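Notes follow once the structure below has been shown.
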Amino acid sequence: MSSKVHLGHTARKRFGQNFLTDDNVINRIVGAIAPDNDHVMVEIGPGLGALTEPVATAIDNLTVVELDRDLVERLQNHPVLKDKLTIHQGDALQFDFSQLVVPGKKLKVFGNLPYNISTPLMFHLFEFAEQIETMHFMLQKEVVLRLSASPGTKAYGRLTVMAQYFCQVVPVLEVPPHSFAPPPKVDSAVVRLLPYAEKPFPCKDVNVLRQLCTTAFNMRRKTLRNNLKQVLSDEEFEQLGIDQNLRPEQISVEQYVAMANMVCDKQA
């Protein structure tokens, strides 16, 4: 049997499917997720149910968002899971997660995410950060390194700044390729994202921060002065106490927020 076939389902490349098969890893992830009935539990991309089964067993109801129609049908006909699941067939990138919120219950979101959509999906989920208690995701190890990076490192970038603006980022465990069927060509890791109840550095307009980061990191090798000359003047950099000769990866989240807030003040 092809390594791409697992439990009778052929992994689809266009959906970035790699199915988790290592019981030890599965148990550790479920332990980190800590399923309970005090939150709305939401899984993105349940696939063949490696995480779905142990999580659903521990709670009354699990909401899942799955794009692949064949996998949705399997879940709908699953002898154990079908009565425990609320299934949304569709693209998580377009999904309105706020519709899942119940009064008095925040979301706990988790998933073994398709690596080809993981970064845009992170940005999409940050829009719902206020409704989310915790997020646990299996990602390409390189993406987890980017999420948790410190200023001055190669991995530090736009994703880092936005993730750390919204959430505390905690790497949980590394997962080797042989834990999946078919094995991916890259190492994987699980990350915990804890959205802040109160952000350490509040921004007046998060869209301005997002745009500023995109502009700053567009040309990583150039200085802030070069990249942001249309946005901030020499005097404004001086006022903020930020060295405009630094490169974008050398600037902290707090400093990016300070720059964005200055841009907001100018637009007011």
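Cβ from N, Cα, C; glycine included.
The structure displayed is predicted, hence computed values, not measured ones.
Database features, via Swiss-Prot:
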{"type": "BINDING", "residues": "N18, L20, G45, E66, D91, N112", "note": "S-adenosyl-L-methionine binding site"}
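Structural mapping of features recorded in Swiss-Prot.
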residue : record                               : Cβ within 10 Å
N18     : S-adenosyl-L-methionine binding site : 24
L20     : S-adenosyl-L-methionine binding site : 21
G45     : S-adenosyl-L-methionine binding site : 25
E66     : S-adenosyl-L-methionine binding site : 26
D91     : S-adenosyl-L-methionine binding site : 13
N112    : S-adenosyl-L-methionine binding site : 27
Longest inter-residue Cα distance for the S-adenosyl-L-methionine binders N18, L20, G45, E66, D91, N112, rounded to the nearest angstrom, is 20
